[in-house]
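Pulled from Swiss-Prot, these are the features on record:
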DOMAIN    11-46  domain 'EF-hand 1'
DOMAIN    47-82  domain 'EF-hand 2'
BINDING   D60, D62, S64, R66, E71  Ca(2+) 1 binding site
DOMAIN    87-122  domain 'EF-hand 3'
DOMAIN    123-155  domain 'EF-hand 4'
BINDING   D136, D138, S140, T142, E147  Ca(2+) 2 binding site
Amino acid sequence: MDNIDEDLTPEQIAVLQKAFNSFDHQKTGSIPTEMVADILRLMGQPFDRQILDELIDEVDEDKSGRLEFEEFVQLAAKFIVEEDDEAMQKELREAFRLYDKQGNGYIPTSCLKEILKELDDQLTEQELDIMIEEIDSDGSGTVDFDEFMEMMTGE
């Protein structure tokens with residue numbers, strides 16, 4: 001079983017542990033798979049029922065109809081991490097909008113250079129130029145949102 005716990009913060013794992021424990025009424029160390037939807041709902045995590053069922057099937061390796069805590073974390077992480085990606089994209093869009101003062105859908109590379117310098121004041125002028133060259137892949141002298149996202153997320 002590939003362990004994706006490292007995608008979660010200790011706080012998120014603690015919240016999952018509490019939720020898991022409160023549904024593990026017999027304290028057997030496992031919960032019925034049909035309770036997963038209730039737990040996600042209580043945690044305010046949006047999910048698609050069909051995707052959830054497919055993931056339960058994938059994660060419940062022994063097909064017992066019950067999930068041990070580690071299986072539950074593996075499953076819940078898929079929903080929690082996805083939500084974080086959406087939140088991060090929204091934050092990056094807001095940050096981009098702040099620098100795109102004219103609302104043209106792009107920012108000048110000179111502006112991006114200032115941002116990078118603020119993020120890491122150890123960068124030399126040459127390193128900054130190399131980074132800008134990589135980010136502004138089409139050589140337009142501007143960076144659009146997709147190029148900005150790619151730079152910030154590495155995706």
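Placed from the backbone N, Cα and C atoms, the Cβ positions cover glycine too.
When the Cα of D138 (Ca(2+) 2 binding site) is compared against those of the binding-site residues D60, D62, E71, the shortest separation belongs to E71. One way to see the shell of the Ca(2+) 2 site is to take the Cβ centroid of D136, D138, S140, T142, E147; the remaining same-chain residues with a Cβ within 8 Å of it are Y106, T109, I135, S137, G139, G141, V143, D144.
Broken down with DSSP, the domain 'EF-hand 1' (11-46) shows 23 helix, 3 strand, 10 coil.
DSSP states for the domain 'EF-hand 3' (87-122), grouped as helix (H, G, I), strand (E, B) and coil, give 24 helix, 3 strand, 9 coil.
On the backbone, the CA of S140 (Ca(2+) 2 binding site) and the CA of E71 (Ca(2+) 1 binding site) stand 48 Å apart. Packing against the domain 'EF-hand 3' (87-122) from elsewhere in the chain are residues 128, 131-132, 135-136, 140-145, 148-149, 152-153: each is 6 or more residues past its ends and has a CB under 8 Å from a CB in it. Listed in sequence order, the residues S30, T33, V59, E61, K63, G65, L67, E68 complete the 8 Å Cβ shell around the Ca(2+) 1 site centroid, once D60, D62, S64, R66, E71 themselves are left out.
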